[in-house]
Amino acid sequence: MIITIDGPAGTGKTTVAKLLSKQLHIIYFDTGALYRAFTWFYFQKLNNKDINEQALSVALDQFDLKIECSQGVDAFKYVVLGQDVTMLIRSIEVTEQVSDIAAVRSVRSALIPFQRSFAENNAIVVEGRDTGSVIFPKAEYKFFLTASLKVRAGRRFAEYQGKNIECTLEQIESSIAKRDHIDSNREVAPLICPDSAYVVKTDDKVAEKVAEEMFNIVKGKI
């Protein structure tokens, strides 16, 4: 079984996906982490200053990602060429760069097969920007989460504070607004609500409530 959860940044996809995977006793898979890992590798590890096809081709040839399960269904480590980058890929720098990288056709073409192969032998809850529209269009259940920019920025700011990542609320709001524009207007796999997806507004709902609603849909209680 494949369950997809899509939506813009800060709608609670990650938290809700983890909760739902635990309730259903299946694996949580964060596709966005793959693009973050490659973004970190391209800019921070290889020290590229801009995006160009030649540098991307070299980086894709060298890129080696392993996903290691440490504990439970949602505890993964992301390892690039032997280095644990699980925390590094959540930095504000990577967050500001990842949409530009994810919009490149060659990058998406290289990473989508990895995502599909991961799902071949696993029941998963997967979240990202195009999981229901492009990567798993035949998923059994599709969800699309929404929330206002103000609410989403507040959530991301609280998350960063909890991880001791230095930033301001204004930086976060600006970064999310920029990413919304890029994600929704890119030529390759833009952010859209997938066909047949359940739309869930999360502005005034805690993650547990959202996960409960989705669990009930999957279990046929709604």
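The backbone N, Cα and C atoms fix where each Cβ goes, and this holds for glycine too.
For Gly7, Pro8, Ala9, Gly10, Thr11, Gly12, Lys13, Thr14, Thr15, the entry in TrEMBL reads ATP binding site. The annotation domain 'Cytidylate kinase' is assigned in TrEMBL to 3-219.
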For this session: Let me know the DSSP-derived helix, strand or coil state of Thr11 (ATP binding site), please.
Result: coil
For this session: Starting from the Cβ centroid of Gly7, Pro8, Ala9, Gly10, Thr11, Gly12, Lys13, Thr14, Thr15, the recorded ATP site, name every other residue in that chain with its Cβ within 8 Å, sequence order please.
Result: Val16, Glu127, Leu145, Ala147, Arg152, Arg155, Thr202
Problem set entry | Mean of pLDDT values spanning the domain 'Cytidylate kinase' (3-219) | 91
Exercise. Including all protein chains displayed, how many Cβ atoms other than that of Ala9 (ATP binding site) lie within 10 Å of its Cβ?
Worked result: 25
Exercise. Which residues does Lys13 (ATP binding site) neighbour through Cβ under 8 Å, counting only same-chain ones at least six apart?
Worked result: Ile5, Asp6, Gly7, Glu127, Gly128, Leu145
Seminar exercise, completed: Same chain, |i - j| six or more, Cβ under 8 Å of Thr11 (ATP binding site); the result in sequence order is Leu145, Thr146, Ala147, Arg152, Thr202
Problem set entry | Lowest local Cβ density among Gly7, Thr15, which the record lists as binding-site residues, within 10 Å | Thr15
